[in-house]
Amino acid sequence: MAVNSTETAMPQANLLLMNEFLFISKFIFHIMASVAVFGVASNLINILVFVKMKLKDNVNVTLLFLSISDLMFVLMNSSQFIRPLLVKARKHSQQLADPVEAEVVIICANFFAFVFYDNSTFVSVFLATVRCACVARPLKFKSMFTKSRTVAVLGVLFFIAFMLNIPLLTIYKLKWAFDPLTNSSHVALTEIDNVQSVYKVGDILNDNILAWLNYVTVVTLVVVAAALVLVVVEAVVVVVVVVVVVVAVIVGVVVLSVT
């Protein structure tokens, strides 16, 4: 009897764990969906504000480009929320399921999500560089970072982010597959043989080397800018002290000469 009770308890325990897992997954899913909606709304507001400001300087251009990049990342990354809808449509409607499999759409959206994520990181580093240069070279800042140069740099950064994620597309191949449920053929994805090697290279390059390089660069620029600000503050304090001392000496001399 003990063995039978144990055997009947195990499926119940597994079922309980599965229900908890599904509950947590749905909870996280709704939180991520709420964050995505907030991200879309906030970035749209930023874009409208910067457009109304007419992009008079390079900083506004950079912030507008960053808002657009963040918005596209949120939209592309939100493909996971429409994936269940595509799967259901594939099961119930042959027209919606043909000719592209839902997984193809998801992979393409994820690719551009990675591109815009890296691009936003690069733009943030560039913005930190601009801020540091504004503190370090305030008189030459406008001539160094013109509007045309800023647009050119932002274009180059997007191109670099795009090219760095190209290997992620090379691990997949497109082929026609037959679905007996809908009695139709559709475009499906297959992975190449050395997919793990490509994943490792992308993980080392994009998620480790470039990520840490961006973090170190931003921290370094912030430290440099802070040091320059402190130097300027100290210089101003010294000048003020010198001026006060000189004025006090002059006033003392004048008072002594009068008396």
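Placement of Cβ uses the backbone N, Cα and C atoms for every residue, glycine included.
For 42-259, the entry in TrEMBL reads domain 'G-protein coupled receptors family 1 profile'.
Marked as transmembrane segment by TrEMBL: 27-51 (among others). Nonlocal intrachain contacts for the transmembrane segment (27-51), taken as residues 6+ away from its ends with a CB within less than 8 angstroms of a stretch CB, comprise 60, 63-64, 67-68, 70-71, 74-75, 77-78, 81.
The list of residues near the transmembrane segment (63-82) in space but at least 6 beyond its ends in sequence, with Cβ under 8 angstroms from a Cβ of it, reads 29, 32-33, 36, 39-40, 43-44, 46-47, 50-51, 55, 105-106, 109-110, 112-113, 116-117, 119-120, 123-124, 127, 154, 158. The transmembrane segment annotation in TrEMBL covers 63-82 (among others).
If you look up TrEMBL, you'll see 102-130 (among others) marked as transmembrane segment.
The annotation transmembrane segment is assigned in TrEMBL to 151-172 (among others). Here the transmembrane segment (151-172) has Cβ contacts under 8 Å with residues 61-62, 65, 69, 107, 111, 114-116, 118-119, 122-123, 126, 189-192, 195, 198-199, 201-202, 205-206, 210 of the same chain, all six or more residues outside its ends.
The annotation transmembrane segment is assigned in TrEMBL to 209-230 (among others).
Residues or ranges marked as transmembrane segment by TrEMBL: 237-258 (among others).
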